[in-house]
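Engineer: The structure is given below, and queries will be raised subsequently.
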């Protein structure tokens, strides 16, 4: 014990040897001795006097009391607004415990606690006091699986309780490897060494919604029908003896039942009753093989006519401006006075145009013949011609050939007439008209080989324009009639259906 020392000049009474041995040592203020010597030389008696080894009072000692530590008030603000429950704990809205009652009775349940831990009564008086629960005594909040017994991982990663009910599912870890493992209160899945190897959460599968038949609660009528409250027909009796089921009720599954729920029959919703199958229509006999073959050939002819029509049409587009230019040159020369006429100049103007037109017609002829490179179509054309009715595609082709023939033949005939009095031009140009007529005749022959019926159409079209004789005279001189005759197609006149002699 420490002591406060005060000097004192009063002479104490002498002490015997035993008393001196029992006195505690003290250190006088003016001592220059070493600490160990001072402890042996001075002692304090029961009155607090400090005496040296000679019995002289050197000072006075008082008992030492350490200062009281200031009491630190606990911060209870966390309790503010919390509620006292029935067991005296201060809890939040989720039931988590934050404190407990230290004063007050059990009737404080439901009361609120303020930030100083005080519990107030209805009249504004303090009726209790709460404190925080020390860390060492704080209870861990209940885990998601608290209260369940024998919680284990089941098949497909679900978590089941002792009754086999699904109460959760695995959210971490391999569900297959965790099968049969126990799940603790917190949802941790542990191995035998206590290591966490997976986690589970509370979960329950959605209950399948029971489908209630719309006819449930309705009754079977005398007609075996089921009607709703508005009298609309919604179903019919489809199984059971109607006379015994009139007025019987229908359950949630659409069954007709008695008072003991015994199944007596069945009703079906109108929309679920299949419509009666229509009687099969009598089979219409399909086309015969001969008819199928004829249809196939007619389709082939239509496609062939379409292709040839496109070729002839392109030829016309290119040849028209050439024929027009030839006619313009010849007409201009015909109007020129003889003394001013340059026949050689006319020849030089018309000759290259005839050559260009001839080349165009030759190209067209080659394109038409390329449609039947092996002669297969031509071989079958004559046999089909007699009974064959021209298609719209063949009519279109005939119209194109008529225009081509008309354009070429009219141009040549007009030019011949206008240069009849021009000896030099007549001599030079008349042999060149064949540059146009020969490939034109070959085109007509090529078409006739593939589609014989088209020639008759062309002839009728030309005859209607009064051009039959002209075409016959121009093309007949080329030996085209002999070519067509060798193919069994008659002379040019006959093949084209034109008037006049063979």
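The count begins at 1 with the first shown residue.
Placement of Cβ uses the backbone N, Cα and C atoms for every residue, glycine included.
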Engineer: Per TrEMBL, which of 236-270, 271-305, 306-340 is region 'Disordered'?
Structural biologist: 271-305
Engineer: Tell me which range among 159-180, 181-202, 203-224, 357-378 TrEMBL lists as region 'Disordered'.
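Structural biologist: Result: 203-224 is the stretch TrEMBL calls region 'Disordered'.
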Engineer: Give the nonlocal contacts of the region 'Disordered' (203-224) in its own chain as ranges (CB under 8 Å, at least six residues past its ends).
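Structural biologist: Non-local partners: 158-159, 166-169, 234-237, 242, 245-254, 256, 265, 267, 269.
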Engineer: Provide the three-state DSSP residue tally for the region 'Disordered' (271-305): helix first, then strand, then coil.
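Structural biologist: Summed by class, the stretch gives 19 helix, 0 strand, 16 coil.
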